[in-house]
Amino acid sequence: MLQQVNGHSSGSDAHGGESLREDLQEFLGGEAPLHQLDDLTKVNPVTLETVLRCLQARYMADTLYTSAGCTLVALNPFKPIPQLYSPELMQEYHAAPQPQKLKPHIFTVGEQTYRNVKSLIEPVNQSIVVSGESGAGKTWTSRCLMKFYAVVAASPTSWENHKIAERIEQRILNSNPVMEAFGNACTLRNNNSSRFGKFIQLQLNRAQQMTGAAVQTYLLEKTRVACQASNERNFHIFYQICKGASADERLQWHLPEGAAFFWLPNPERTLEEDCFEVTREAMLHLGIDAPTQNNIFQALAGLLHLGNTRFADSGNEAQPCPLMDDAKCSVRTSASLLRLPEDPLLETLRIRTIRAGRQQQVFRKPCSRAECDTRRDCLAKLVYARLFDWLVSVINSSICADPDSWTTFIGLLDVYGFESFPTNSLEQLCINYASEKLQQHFVAHYLRAQQEEYTAEGLEWSTVSYQDNQTCLDLIEGSPVSICSLINEECRLNRPSSAAQLQTRIESALAGSPCLGHNKLSREPSFIVVHYAGSVRYHTAGLVEKNKDPIPPELTRLLQQSQDPLLKVLFPADPEEKSQEEPSGQSRAPVLTVVSKFKASLEQLLQVLHSTTPHYIRCIKPNGQGQAQMFHQEEVLSQLEACGLVETIHISAAGFPIRVSHRNFLKRYELLRRLRPGAAPSPHGPPPDEGRSEWSPHSEQATLQALLQDILHTLPALAQAPAETTPAPVHCGRTKVFMTDSTLELLERGRAQVLEQCARSIQGGWRRHWGRKQERQRRAAVLIQAAVRSWLTRKHIQRLHAAATVIKRAWQEWRIKMAFLASKELDGVEEQHSSQVTCSPSSLPLPQAQARLLGAVTRFWPLGLVLANAAVGARGFRRKLVVFACLPLPVGSPSSYTVQTAQEQAGVTSIRALPQGSIKFHCRKSPLRYADICPEPSPNSVTGFNQILLERHRLGHV
């Protein structure tokens, strides 16, 4: 469609076509990437390709939930994502002012239903229909919704009410593992496939608090107990008791390690659902005590041993079929576990009782080997079906609230999806029949929502046509003749029915139905029904027998003789029931077939759904391998067709799939007014500020409508047809423009023409403008370059001159400063001393030790200079000797001289600070010019180490 819209078909224009296609997709998609589109209704145009691409992009980005109008599409990630279902996220959606503005999630649907109940707007009761094929995540979705309601719908005010609410919530949540253990099984498509449909009714009181719940089940696949397809398993509970039983329980139930059972295929596979302790704990919370649990598991073990009972062919028809050698022990063990007498059990399985005549005479006829196997399987299916129904009743009695304590409810419907297998029988016919009924309910609800939108936009509903599935429903359940009525009639006739005869009756009686197909190449008797999701071929072999679901009365009487407490409850000895099982020939009631019971329960369910506000969650399985980050478009497309989303898309396409707001429409297509002669483009925005006081929304709307009509009048010219003969596949609503694909094609074609004309004009003007601009830029560049070069040269010379001036001034200041410091250092008058100092007459001769010490100190006078001015060192006489040696003073009386050090006199005796602590001498020339030069060198003067100059004070002679 996009290629036709663009109008480019040649190879040279392929690139331009791709660009225009991307531009159109960007316009229709609102300039948002596909993985950011939270609602499939925002995908423009609404086609299978765009829907699949959007779902694939969101799935690869780990965005699992996408809205589709009134439906939520849920993709199975096939990997755990705990943060997606955390209690914190539940509270976030529950506390959000507008949950619909958050990302699509099952919590959005749950919160919407809960708020609808709180608003008390009719219809107050809500229902959520969760559908999808096996392995799509229906069970997980229902489980998460129950957890969500258990969290948000429990806010008691008192501690006592809080404990009651917690107990109710725990029981409601514990009902899931019990029902999954007894009603789910591992199939080719799913390890935890629900083999029954259920409707869970969550009951709320006037304060919108959960007070209880009720469970209603539909069409349990009880045939799985005795017959499993290849590579599939029986119900989970059988594997749980075989793998999770203790040693004592194994001994009690006769389940040794490694025991083989015909009704327990693939026991080596270990699944997450094979958790026996979880099931037992959940049953305990539901009020099923340990002895009752033991009776249940003992009965199930008896059914496993019953499945090992095998019969051999009898050579004489008057004699019952003998048991195989290895089956005798199995019969004995099964009878012991079921608390049944062994001989009556064998007799019931091998001999059929017939009552005939007015006297109701009893005839006993041995059964063939096939009939013995059928009666054995029927016994097992009867026990398991009664056990499952009893469990449901126990769960309801445990979690159901008093009718006076609740006022509203929220229903969760978890049903089968559309099924089509190589061999389809009565189970698939009932499942697909239910899918057709729910699809009709969904389409009616969706069309009602569409009608409300069209009415709000001022459009007529009669302009939209869609394909209803009422024809298929008439074929299945219609009156007076339908498939169901013919199958039921075959059951009521007291004659054997063949598969070929049933096929002939269906084809001849319903030949005028367009939904009935024929397969002449098939060797097996069958008929084809064209469902909304595809054609399915149903085999007529065994169809009537399955519909009858015959239960021989002798089997029921046998089970009533059991001494097991559980079987006594499941099969009570009721005289009324006995009289119904053995009616007289004159007052025989019509047989209640499987189809009749399923149809009645389905009608009851639809009545409940019609009385509620429905919400839909469509679970999709991205691939059949169960691997994460793998999206198979073919499989997803088939599931979209099966769950009705494709039909919804077709309904939208039959109406106006392209919906654009007025302003976006004007922004894109206003240039089409150029095609009309005398039409000048005018802005469609608001008027200037000076006229804002007189502006109103009505005048703005009127202006927009005028512009829209002006644009729409160009459609006949684009179609090259007169306006009288051109249809109007476009409607202008109050806020949106509704178009079909053909209208979009015309608009895009005209827009491409106008853009091409404008592009040519713009190119010519741009070339002229660009040439003139280039010439002006050349002349300007020459002037700018000359000016910049002269300016840079001047700035460079100015910087050099300024730098030279600074350097010269700094150098002069430094020379003056250094000269001043050098002169100040030499300000002190250096006295002339004689090279030989004579001793004073009053001086005392020094001892020999002191003389040697004085000589050593004289040789090491720099060290003495340091010691003289240090805080620690020599004291007393030795200290004075060090000073004398360092300063060559005249030799005289020691008492006539006094050396005053820095420690003995406050103040500074030199222009340099006295050394504090240790001194490090560096043999480095002083930076002062005159530091090492004495004007009048004298051998007696103190020179060297000019950094420390001591002022000598000559003291008076004492």
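Yeah, the Cβs are placed from backbone N, Cα and C, and that goes for glycine too.
Owing to the predicted nature of the structure, the values given are computational and were not obtained by experimental measurement.
The domain 'Myosin motor' feature in TrEMBL is assigned to 35-752.
Counting every protein chain shown, the number of other Cβ atoms lying within 10 Å of the Cβ of Gly137 (ATP binding site) is 24. Residues or ranges marked as ATP binding site in TrEMBL: Gly132, Glu133, Ser134, Gly135, Ala136, Gly137, Lys138, Thr139.
Residues or ranges marked as region 'Actin-binding' by TrEMBL: 602-624. Outside the region 'Actin-binding' (602-624), and at least 6 residues removed from its termini, the chain residues within Cβ reach (under 8 Å) are 55, 59, 68, 70-76, 78, 106, 109, 112-113, 116, 123, 125-133, 135-138, 141, 189, 199, 216, 218, 411, 413, 433-434, 437, 441-442, 445, 630-632, 635-636, 639-640, 643-645.
The feature region 'Disordered' is assigned by TrEMBL to 677-699.
Per TrEMBL, the feature compositional bias 'Basic and acidic residues' maps to 687-697.
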- Excluding Gly132, Glu133, Ser134, Gly135, Ala136, Gly137, Lys138, Thr139, please set out which residues of the same chain place their CB within 8 Å of the center of the CB atoms of the ATP site, keeping sequence order. Asn76, Asn190, Ser193, Gly417, Cys619, Lys621
- Task: Please spell out the DSSP helix, strand and coil residue counts for the region 'Actin-binding' (602-624).
- Result: 9 helix, 8 strand, 6 coil
- Item | Same-chain residues at least 6 apart in sequence whose Cβ lies under 8 Å from Thr139 (ATP binding site) | Glu180, Asn184, Asn192, Ser194, Asp414
- For Gly132 (ATP binding site), just count the other CB atoms lying within 10 A of its CB, please. 26
- Task: Quick one: give me the count of other CB atoms within 10 A of the CB of Ser134 (ATP binding site).
- Result: 20
- Query: If you draw a 10 Å sphere around the Cβ of Glu133 (ATP binding site), how many other Cβ atoms fall inside it, taking every protein chain shown into account?
  - Reply: 23
- Would you count the other C-beta atoms found within 10 angstroms of the C-beta of Gly135 (ATP binding site) for me? 22
